[in-house]
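If you look up TrEMBL, you'll see 1-41, 45-141, 237-332 marked as domain 'Fibronectin type-III'.
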Amino acid sequence: SYNLTGLWDSTEYSVAIRCINNNSKFWSEWSKEKTASTEEKAPSEKVDLWRVIEPSHSAGHRSVHLMWKPVNNFPSPGRILGYKIQYFPEKSAALQVTKNSTDKKIILLLNEDPYIISVIACNSAGNSPAAILRIPSTDEKTPQIIETVRTFTTDEEVVVEWTASKPEVTEYVVEWFEELETDPFGRSWQYVSNSTIWKTNKKNFKPFVCYNISVYPLYGNQVAAPYSTQTYVQERKPSEGPVADTGILGKNEVMIKWKEISKDKRNGFIRNYTIFYKPENGKELNETVNSDVLHYELKSLQANMQYTVYVMANNEAGGTSGEPKTFKTLKF
């Protein structure tokens, strides 16, 4: 007999044996294979836990979306059978509630008090250590520790850098999701320890889509106020241009108005708008205004003259014009 050692937990192995005579140079054929599995061990790492807190409902309750992912240990200690969620008001541990789930997410309906929440992963051999987060009360002011956040894109990576006012804070959570994503469970997150820089593969982000990125400082099991920013990993010119309209007409002036392009059509950050206008049989002129301006008064126009006007929205990749509109200035 022989004991095989150094094997992975919860792993199926195939074993075969062959033999040789002391006085021979030739081995026998291999025996038939026998398969067996090593035993599972309880998970040694706590789950990667995060939360999204929705505003309070009218009845004084709020929805807390909990989500988690098992740590990708290799080899795995065993197959996760489910998760145990426990939570209680911070000042009343005796009111602890326990829920079980085979999913990696759950919605808890909590009141306005601070809560302590833990999630444990379970397999046939036991439980993992508890991942714990504190949910603050609705009127609690969390400190603003992050001072600046900067995002930029290289050929292969998205990079987020930040500065913090408290150097003793050494753990952070970077959270990102599409700006138009309405499902709290549609968010991604990653813990960062002993660093104020985070990098991820550019392929994790869609081009021409605006992303919200937030950095949360952690101290103990508490989450401080985030610092949020927006980014595009790649821009292209807008899918459509602004629709121009005219306000009150004058003899030598007119107010041109337009609305913002819908977010799903921008494909990048709108840098500015350009108003192009041209008198009948005349030369085209233009004026450029900042992105926060949605109206502009054209002056020094010719009286009793027909003009054509259109507005172009510009981002870093280029500009797109809306449909032209005609108007005629007054004679008197």
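Here the Cβ of each residue, glycine as well, is placed from N, Cα and C on the backbone.
The structure displayed is predicted, hence computed values, not measured ones.
Within the same chain, residues 75-79, 123-126 sit at least 6 positions outside the domain 'Fibronectin type-III' (1-41) and bring their C-beta atoms closer than 8 Å to a C-beta of that stretch.
Helix, strand and coil counts under DSSP for the domain 'Fibronectin type-III' (45-141) come to 3 helix, 49 strand, 45 coil. Summarised by DSSP class, the composition of the domain 'Fibronectin type-III' (237-332) is 4 helix, 47 strand, 45 coil.
Taken together, the residues of the domain 'Fibronectin type-III' (45-141) have an average pLDDT of 92. The residues of the domain 'Fibronectin type-III' (1-41), classed with DSSP into helix (H, G, I), strand (E, B) and coil, number 0 helix, 10 strand, 31 coil.
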